[in-house]
Structures are given as C-alpha cells and as structure tokens.
Amino acid sequence: MAGSRLPRQLFLQGVAGVFMFAFASLYTQIPGLYGPEGILPARRMLRPQGKGHWQQLWETPTLLWEAPRLGLDTAQGLELLSLLGTVLALGALLLRPLRHPLVYLLLWAAYLSACQATLSLQVGQVFLYFQWDSLLLETGFLTVLVAPLRQVPNRKQAHQGGLTGALPHEELPFWLVRWLLFRLMFASGVVKLTSRCPTWWGLTALTYHYETQCLPTPAAWLAHHLPVWLHKLSVVATFLIEIAVPPLFFAPIRRLRLAAFYTQVLLQILIIITGNYNFFNLLTLVLTTALLDDQHLAAEPGLGRRKKASTSWPKALLATLSLLLELAIYGLLAYGTVHCFGLEVDWQQRTVHSKTTFTFHQFSQWLKTVTLPTVWLGVASLAWELLTALWRWTQVRGWLPKLCAAVQLSILGAATVALFLISLVPYSYVEPETHGRLWTGAHRLSGAVGHLQLANSYGLFRRMTGLGGRPEVVLEGSYDGHHWTEIEFMYKPGNVSRPPPVVVPHQPRLDWQMWFAALGPHTHSPWFTSLVLRLLQGKEPVIQLIQSNITRYPFHKQPPTYVRAQRYKYWFSQPGEQSRWWRRQWVEEFFPPVSLGDPTLEMLLRQFGLQDKSPPRARNPSSALAQALHWVRTQLSPMEPPTLLWGLLAAVGAVRVMQALLAPWSFRSSPPDRGEKPKPALKKNSGAASEQASPATNNCSSSSRPHRQKK
C-alpha cells in the first residue's frame, strides 16, 4: 500500500482551515448570543459549586474557568478563545512548522471550552450543540495524534528527492480518520431508513429537501424544479453512497478506495452547492483525504510515469485477481441497487422508474446482520495497520532509534486502540442489539471520557420536515399594537422577493435555531422568549444578529413597544413567477403580542429561568486585555460575518500564491545544510545498486527518511 505523507498534510491543513472558519464565525456572534445584553448572557454559565479546581475542570472541561484571573467575564473569555483560535488556525494553515500536536491540542481545547461552557447553561447549548460541532471536536482530537512532532523542512525533502519514509507509528492515527468517515456516512445513511420517514422510504425526500432545508441557496431553487424521477434517482444514489460504499473505505484494492473517495466528494460538493451547511461539508471533505495516498497525488516523482517493467507470474496473477474482484464488487453494487430499488428505464418517456422493493422488517434484519460484521471489519483493518506498523519497526536500525520508535509505537498504538473502542459505543447506536453485545469495557471507557466528546454518534437528515410547506416564524414589531412591521433576518427566508443567500462557511446560529423553533410551539424553544425581550429592550448586539447593518433594522431609531411572531408556510415560487423566490401562507400566531412588563412575558421568563435576579456586574474597564478585545471588536464589527470569512479565505489564497511563487527562489538561494556534502554524479549503471541500498536509519523524531525502492 502506498504511503500517506501528502494526504496527512492535506488533512492537517484542512482541519486548520475548518477551525479558522468555526472560530471566526462564532466570534462574530458572541455578543448577541452570550454577551451581557445577549439572548443567553454568559454570566449564567460558569458558577463554581464549591468543588476542587481540578475536579471542577474535569467535570466541566473548559478554559473559561480561568477568565476571571485575566480580568475577563465569561463572554469576554469566549471572545478571547475565538480570536486566539482563529489566529492559531490561520497560522497552522499557512505555516508548516505550526502543524504541531500542541497547536492542534490548543485548538481542540479552545473549541471544547466554548461548547462545554454553554452546556452548563440550562438552555444555552442550543446554539453550540450541532452535529458538526461534535464532529469538529472529534476530528480535532484525532488531528492531535496525526500531526508529527517534527516537520521535515521542504528543502530537505527536495534534497532527498521527495521520497520520505514513514516512521512505524505515523499511519496508525490517520486510520482513525478513515474509521470516523465510515461511521459518519454509514450512520447517516442508515438512520434515514430506521426513522421510518415516509419520504425516504418513498424515495421522494429530495422533492421536499431543497425547499425545506434550513438555509437554501439559489441553486436549491433550480434543483427543486428538476423532474421527480430524477429526485427519486438521486435518493437511490444517496443510499448507495452512504450505505453501500463506505465499507469500501477499508478495501485492500486501492482503486476501490479511490472510487469511494470520488463518490463521497461528489455528494459533498452537491450539498455545498444547494445548501448553506457552514463548515460541515468542508470538514467531511477533509475527512475523505484518509482515502487517498501519495501515489494517487503524485507525491513521489515518477510514480505515475514509471515504466511498466516485466513482473513475475505471481504478481501478474495477483493483479488479475484484484481486477476481477474489483469488477465483481462493481457488478454486485450495480445489481444490488437495481434489485433493491426496482430501477427500470422507460425509453419512450426517457425516465428511470424507481421504488423501494424491501420492507422495514427486512431492512432491520439486514442491519442486525451487517452491523457487527462492520465492527469486525474495523477490527481487521486496524489489526492490519498494527501489524504493518510492527513490521516497519523491525526495519529500524540501531538500538537507540529502535527503542525510541518502540516507545512512540506503543503510545500511539494504545491511543489508537482505545479511541477505536470508545467509538464503537456511539457507532453501535444504529442497531440496539449490537450495542448491547459490545464488550462492557468499551462501555466503561466511553462513559469515563464521554464529556470530552472524543467519539460521538451521527445521523444527518434523519427525517424530512415541512412536507406541507416549510414552517417559518416571522417576527413583527409595532408602536401602537395595530400597525405591525416585519423584522427581516439577513439569512433565513422572510421577504418573498429576496433570493436565498450564500453564506458558507459561516453559520448564523440564530437563523438556524429559528428554523428549529418553527417546527413546534414556542415553549419548546425557551430562548425565543429571551429574544423577544431583547428586541423590546432594543439591545444592539442582538439586533446585529438579525441585521448586521443596524440601519436596515426597521426599529433602529426606537425599540418597538410590542413584539409578536407569526407562523407561515413557505414554498419555492414557480418558474414563471417574476421577481419572486417564495410563496407563503399565514398559518397561526406563534408568539402573542407582548410589551415590557407584560404579565405573559414575565411569566415565561420566570418559567424558563431567564429572568435576571441580579443586575449584571460591570466589566472591568481598566483591564488592558479587555480594552484590546473591545478595540478588535470595534474594528471588525462593521463587516458582515460571511464577508469576514471570505476575506480570511482570500488572504489565505493570496499568501499561498506568494509562497508558491517565492519557493523556487528561496530554494535556489538557500545554502546547503551544515555538514551536507555534495553528492557525486551517479554512473549510468549505478541505478540498480542505488535501488538496493539499505534504508536510512530512523531516528527518534518524526522526520521522514527515503523509502527503499523496489526494482
């Protein structure tokens, strides 16, 4: 199997980029969500309960416990963590030496701190408790293990001809990334059928999805109006990519793994085009790098252009058998898809008919049959990686390098096995019987570190909502209680003439929660009452979540006297309708008209524990750190969040272009390493001897050495 040096570097850069987007997006929303005048003030979050410092830190692992020592309140601590996380992730994305385990550990700890701090608030976790937040935390911790302790300089790699060998332990943690991708995709496909959602079983889910998803893009309008038969065929393709293809992630034939890679990339790109899912799809694309290798990415010069040499008959036989097995798997996938979904081509109408030909009972029995074997598939694949790492260790020469390699391999191997065991618990949730048959030690280990979110369960798009039209909550304000003006959000549907926005990779967390709130009564979303209160009070940080340009807010001069909310049903407009993207119909009143001091409002605030029992403590203006945070906020607040994130992306692109242009000049002008002697020119007949040269001795660091090339 080819090495994964370049895919690991792509993975490290990708995770750094996603962290940068996540921290920057969160930073822009902290004042409105958790500030002193926000929807859920952060001063409610961290309250010491008389426990020891280390016990308190273990039970609620967040660095925000240390904010008072810096002269900051909890919201300011969140801002500091977000700013530092953005800068640190930006550095790791641009500078290779910063792709270090310590840097990724700090990024993971900072994001975990933000998520854990909100969990201590009764209703605060709603804004920081999405599946992609959990996925980023799990991926971030794996990155700590994947990142090398020491990066090999690019110039040294160039002198070595780019051929760098992996240390015995380097491939092990990267295998966990592949296992995480498998769990994410397989569970996301399975839950669509175990939920018994009639649209997934009827293959009609995508006829609703583009219209009813939280934040559609303009392309979603076009996709929504595609033929129904194409929507149903797309659902079949989704099941194929999410359920049938993921086991190929562990296939011993690399072409199968590459085929699986491209199917996953295709799915994620289509989702990005038609929906605003912040950094989630970007993070999933980063995970797919675990399916690549150096040979495919041409990391080794001449690897793709190597001349075909005469091979022995056993190798030729093995290659033929591999090809036959590959073709058999493709044929099995095609046959299974046609059989399970009754695919028939109608040549007259030029359509493809499809329907589900199996029952829920049959699928449940199939799931019971395959879930445990997929666990054993993971065990077998991990065992192979461990054996490969052990074989590489036997090739290390010298007792001291061998001892150091043994220590590293033991630590990384034990961590890899432990994380695999922990991940089996949330993975087995897809099939309760398998979950109960797991080793009890795995359950105990998972329970002991569950609050660190090292492994999580996933299952995206479980059920389709809004089958009779997407429910949407529209806020309204009034000065007299008779004439009402709608309060329009920047991103979520409101004005029927406004096109859907493109905000990736930003996640407007209030707009997302407004989508969830519309699915039930307002009492199921306690934070909504606090939102109404802040609008009545005219709190600017909350208003900026709705409209970053305050002048576009209809009550920017004076807060409304009354606020209410209506529930509407929204549908995409038809192709013939001019200058309209949506159609809507009023359904019912969502939240009654209230004003400051209204008994109904006060009762709801008391019921949800949102009433301020004591005035907020004044911030310490003398703190230099607090003043610096305020200055940074003042400089960045005029920019809309998507513009800020796109600006960061443009800056990264410009710097990378400059690095690429300057790299040849810096290489030419750089002196050779100290002690490095010029290499004599090789004779024409010395190629075989150089190929049979013994491999370089590995040292105790994570630097790479040349591969031993085969004839």
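The backbone N, Cα and C atoms fix where each Cβ goes, and this holds for glycine too.
Taking TrEMBL as the reference, the stretch among 129-149, 171-191 described by the feature transmembrane segment is residues 129-149. Residue counts for the domain 'Lipase maturation factor 1/2 C-terminal' (454-592) under DSSP, split into helix (H, G, I), strand (E, B) and coil, are 33 helix, 34 strand, 72 coil. Note: the stretches the transmembrane segment (370-391) and the transmembrane segment (233-253) are in contact (3+ CB pairs below 8 A, sequence gap of 6 or more). At the 8 Å Cβ threshold, with sequence separation of at least 6, the transmembrane segment (233-253) lacks contact with the transmembrane segment (12-30), having fewer than 3 such pairs.
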